[in-house]
Amino acid sequence: MSGGACSIVWFRRDLRVEDNPALAAGVRAGAVVAVFIWAPEEEGHFCPGRVSRWWLKHSLAHLDSSLRSLGTCLVTKRSTDSVSSLLEVVKSTGATQLFFNHLYDPISLVRDHRAKEVLAAHGIAVRSFNADLLYEPWNVNDDQGGPFTTFAAFWEKCLSMPYDPEAPLLPPKRIISGNVSTCPSDRLVFEDESEKGSNALLARAWSPGWSNADKALTAFITGPLIEYSKNRRKADSATTSFLSPHLHFGEVSVRKVFNLVRNKQFLWANEGNKAGEESVNLFLKSIGLREYSRYLSFNHPYSHERPLLGHLKFFPWVVDGGYFKAWRQGRTGYPLVDAGMRELWATGWLHDRIRVVVSSFFVKVLQLPWRWGMKYFWDTLLDADLESDALGWQYISGTLPDGREFDRIDNPQFEGYKFDPHGEYVRRWLPELARLPTDWIHHPWNAPESVLQAAGIELGSNYPLPIVGIDAAKARLQEALSRMWQQEASSRAAIENGTEEGLGDSSESAPFAFPQDTQMEENLEPARNNAPATTRRYEDQMVPSMTSSLVGGEQEETSSDLRTFAEHSRAEVPRNVNINQEPRRDTLNQGIPQTVRNNNTFPQFNFPMGVGNAEDSTAESSTSSSRRERDGGVVPVWSPPAPSYSEQFIGDENGIGASSSYLQRHPQSHQIVNWRHLSQTG
DNA sequence: ATCATGTTCTT
DNA sequence: AGAACATGA
């Protein structure tokens, strides 16, 4: 490459200068134009939520100042189409190369593939790198060369790969700036006036930015890491790494984390420190889960909206806006669940254990569609991460081969005494229960009247009775599961009869294919026929798959040029997909004021939209406004997920695609046996 | 030691 | 729920 070349380094979720392969490549190649493109419309309904945008704003400012101290700056562009913005930057700077780091969510896979094609067509040399994972998904294979379908096997393989993850790169000493004088930055707006107040509180607890991420990493490794194993079950302990938002935005390299942590492991192993070693294994496992979430997303790009086990699409979710709202507001009557939801509401943060508790309650007790819960997490979590959250919710929902059994309900009362034995966590987040003795703190409904009175609690008035009893939930769950199996069986029969062959009439299966969306739309527009004729529009597309990526050609696995890998891995990504197109948006947006619906207004998905009838503004005027002061913060606004772009990936509504091959690869899956049994007895 | 019972973990 | 592990008489 010629010394005078100018390259664009496209920053996305790799907001760091240290161990950033794309940046390093740009610096090596000559002059650098560092670019960040803010195109929230491209993300569909997974446009970042309020707290996430707050983080992004500060992280970008931090990155910009780092780049300035190195000799350049961060060019920011507001866009509705990243690829055209890249082209504009190319034209205005005269750059001849583009470097960026890989992402693995479905939107990025498609967009980045298109970016490569379009820019290459304009004569730009494009190279992309692994900066987010220990190993690229297509390099981690089982003995047959296929993708793993369980986490344990996947992680075991990662830890025993024949070659180590790349060693972290140092930050560049100096960056030669490309000519950006003719390439003005757009001012990016990440928060509106109504959000500023609540965001102000975030700065007290968090410091976005790559060098702060680095400090957080050091603090964790030299501090809480050694006791990680011992402390991990405490609901409100400050003993986690708190790295997840940093990791989400790529402020710290996971390879650096891995390296430093493993060094500690060797140290402690030599010292015979058993607890320390176990702590490291446990912490690395959580890093492994993050890896696995990317792996899963790459191999199953629709996994954030479709159950990986196909039969789950027949589950009759309870579509109840009232339940959903009670859950969001922390008014379910189960103190541990409610405390968690209030904490999430107020801080954008939840201990992993509590995430499991509240999401499990959501799916198993309330039986609300998991995608709603996932979307709410997306909108409210500071570390909202599509891949990780999809993995988490699929795990909880029993839709993974190695996930939890669906028919198991955890009892929040018992979990309460496990994770919060003295009730301190509950008392912190539920002031109305503050005076309740520990004996009753996790099951106030059993407390004697005298105790409640002394604690100033009137159940049903200042604290709710359980919204659903555990026994009732169990019964309803059994019934729902047997209904699910019936539906699955009749669908299977229909397929075998040939009535569902190929791309034929989808009206048989559609009502069950996406109950959550269907019902959601019914809420908004009850009369609507819910068998959309448009769902088969992308039937010719296949998902990116590791298998096919390897078929494409033999690669030396240690090749330092990852471009060829990436090319092959993306070979089957849909080409002609218009990300911005959401076929059923019009229907979904029924009843939303035109000004809000307008695509040009600031992130539409965080405007109050309500959830349908149950939150109709006339019905509950005091609480329906979606925004309400509480604990000094603005209540996160939730909006229903739009019908999704997954239809662009999936040609097959009947689970014949990846999800059923998933099943075929796991005939031994115990869940499946259980559920079969269930459907026969139920 | 053996067999009970209890505890923890499952992505 | 069930395995795998721990504790204890």
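Glycine is no exception: its Cβ is also placed from the backbone N, Cα and C atoms.
TrEMBL: automatically predicted annotations, no manual curation.
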Listed in TrEMBL for the FAD site shared with A:Tyr228, A:Thr240, A:Ser241, A:Phe242, A:Leu243, A:Ser244, A:Asp383, A:Ala384, A:Asp385, one of A:Phe190, A:Phe283, A:Phe298, A:Phe419: A:Phe283
DSSP-derived helix, strand and coil totals, residue by residue, for the domain 'Photolyase/cryptochrome alpha/beta' (A:5-134): 65 helix, 29 strand, 36 coil
Tertiary neighbours of A:Tyr228 (FAD binding site) (same chain, Cβ under 8 Å, six or more apart): A:Thr239, A:Thr240, A:Ser279, A:Val280, A:Leu282, A:Phe283
Euclidean distance between Cα atoms of A:Ser241 (FAD binding site) and A:Trp370 (site 'Electron transfer via tryptophanyl radical'), Å: 27
Local Cβ density at A:Trp393 (site 'Electron transfer via tryptophanyl radical') - other Cβ atoms counted within 10 Å: 28
Distant-in-sequence Cβ neighbours of A:Ser241 (FAD binding site), under 8 Å, six or more positions away: A:Ala216, A:Leu217, A:Phe220, A:Pro224, A:Leu225, A:Phe283
Residue among the recorded positions A:Phe283, A:Trp317 whose Cβ has the most other Cβ atoms within 10 Å: A:Phe283
Where A:Tyr228 (FAD binding site) sits in the secondary structure, as DSSP reduces it to three classes: helix
